[in-house]
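What TrEMBL says about this protein:
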type	residues	note
TRANSMEM	21-39	transmembrane segment
TRANSMEM	45-65	transmembrane segment
TRANSMEM	77-96	transmembrane segment
TRANSMEM	108-127	transmembrane segment
DOMAIN	108-158	domain 'Cationic amino acid transporter C-terminal'
TRANSMEM	139-159	transmembrane segment
Amino acid sequence: MISPWFAKVHERTCTPVNATTTMLAATAIIIFFTSLGILSNLLSISTFFIFMLVTIGLIVRRYYVSATTVYWGSSDGWIGLVVSNSIWFLSTLALWLGVPQAKKPRVWGVPLVLWLPSLSVAINLFLLGSINKASFERFGIWTGILLIYYILIGLHASYDSDMESKTTAG
């Protein structure tokens, strides 16, 4: 999705030097012109979202059955907290008791699957609530920019390379 120049690997070190130095320069520029509070909030939001994606992916991989979806909403205040925690616990319990695992691990699996990932999502949502509105706006802007880039450039590049690999294979 980016120039192949970034993928060139140095012969002696066997590392992508072009990508490393470009990212170093871009990161240094951003750090130089941005306050630590803004950077830490953006990093926190990104980290929490990534944690949630990983844990939700774990749940989906283990329990997802095609053509089924569930949606839960929550409200504000302590009543909302009690209601949302009750919904979390009861829904996790219902899934744990009522939905068979689509893919059971053969040798070893993550212990307490469904409980640990769903608790991780709940904790991440709680921690996301402590981040200010401006940080979410910045995160939304960056996410929008990257989404536009992906739709306009990356999606076509991945589609073109997929078609190219199919024509060479077939």
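Glycine is no exception: its Cβ is also placed from the backbone N, Cα and C atoms.
Heads up, TrEMBL stuff is auto-annotated, nobody curated it.
In summary, the transmembrane segment (108-127) lies against the transmembrane segment (45-65): three or more C-beta pairs, each 6 or more positions apart in sequence, are under 8 Å. Tertiary proximity for the transmembrane segment (21-39) is limited to same-chain residues at least six positions away from its ends with a CB under 8 Å from its CB atoms, namely 6, 134-135, 138.
Cβ atoms under 8 Å from those of the transmembrane segment (45-65) belong to residues 95, 99, 101-103, 109-110, 113-114, 116-118, 120-121, 124-125, 127-128, 131, 135-136, 139 of the same chain, restricted to positions at least 6 beyond its ends.
Residue counts for the domain 'Cationic amino acid transporter C-terminal' (108-158) under DSSP (helix as H, G, I; strand as E, B; rest coil) come to 40 helix, 0 strand, 11 coil.
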